[in-house]
């Protein structure tokens, strides 16, 4: 039986035991453009450089001609059938930089706790998983692609990673003893690194109502890896009173239904009921649902777990999540006994805020305009009143009979000489001792000079 046949058989066995399979997505293959610094594979005749201090296993599936190659101190190149390297002169391809080597990207950048790097075998249209459950849970079967090279960081080690089984390099590990031997080998050290611990245990989820994921302790590292491309901060939800379900890193818009279940409840059957009976209706188009068992937040009741149903709106229509949540509550009221549901409650986010940033900007501009108009209307009377008060204070501050002169540095007029009061401009001729008539006026600043003239 080939590798693909073994994988398909294993997935069928997982379906019979209600185990969820998680597939590792990224790889460290030579022929993948995303693994190189310039987002393209090395050009023909170009130089190739691997970081000297990084351990890495690289699968090469094609033939390549290079002019120079710098290999890591501890690593391996796995050559597929027909693959190899040949020496060539420096290439002159237009897309290649002049003499710049193609550098293999850091192989330690992939983390086990990053939800972006996993794909679930239970993916279906309209179905999603909360962030903590996108990473392998303790009852999941983990598959690393048999036809690709990979390298995984196991995290800081504060929370050991435990899953049901691990399939890698054509082997399936279900016992800690076998996995420990593999991790200590050179092949294991090239593919798994970091202080974190990895263990397996054949713990089947035999409960039809489902099992808790078990990633609560690792959720801080899961959220940190998820939000790293966003600077470590959650994007603002586009609704009022946003919700944050258990296992989710950021707030979302929609609704959450919590079910108190009995022994007859079947998680897979109920998830299929939502997908087939409700999400197929036109009024619920664009909604996505996540159904899982979570620890009960309030321990006032006997049951320590409950079923969490998360409804998220991704389309332009709003209010669909709330309508579906109320429909699920009505379905429980009518068919709860047959479904094994004892009680149901719901929470719903508030109204959507479409274009909230633009609305906030427009509101700020409008407030600034109103404030400016108010200043223009109120300021002139206040300024006029303040001017009169200042003028009166200025007049009162000058005592009667005080000298009004000042020293003028240009004309050197002493301040002790009181300047005459200015006279009204007069163009009436003034008679002189002789018969000559002159038209003039007295300039108080030059009164002394004119008198001498």
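Backbone N, Cα and C define each Cβ position, glycine as well.
Of the candidates 35, 39, Swiss-Prot records N-linked glycosylation site for 35; the remaining residues carry no such annotation there, which does not rule it out for them. From the options 358-378, 379-399, 400-420, 421-441, the stretch Swiss-Prot describes as transmembrane segment is 358-378. Range 67-87 is the one annotated as region 'Interaction with CUBN', of 4-24, 46-66, 67-87 (source: Swiss-Prot). Of all the recorded positions given, namely 35, 43, 137, 205, 213, 253, none has its Cα within 10 Å of the Cα of residue 234 (disulfide bond). Comparing C-alpha positions, residue 205 (disulfide bond) sits nearest to 137 among the recorded positions 35, 43, 137, 223, 250. Between the disulfide-bonded residues 43, 211, 213, 234, 239, the minimum number of other C-beta atoms within 10 Å of a residue's C-beta occurs at 234.
Counting residues of the region 'Interaction with CUBN' (67-87) by DSSP class, helix then strand then coil, yields 0 helix, 13 strand, 8 coil. The Cβ neighbour count for residue 35 (N-linked glycosylation site), using a 10 Å radius and every protein chain shown, is 21. Counting every protein chain shown, 16 other Cβ atoms lie within 10 Å of the Cβ of residue 250 (disulfide bond).
Residue 35 (N-linked glycosylation site) falls within a helix when secondary structure is assigned with DSSP.
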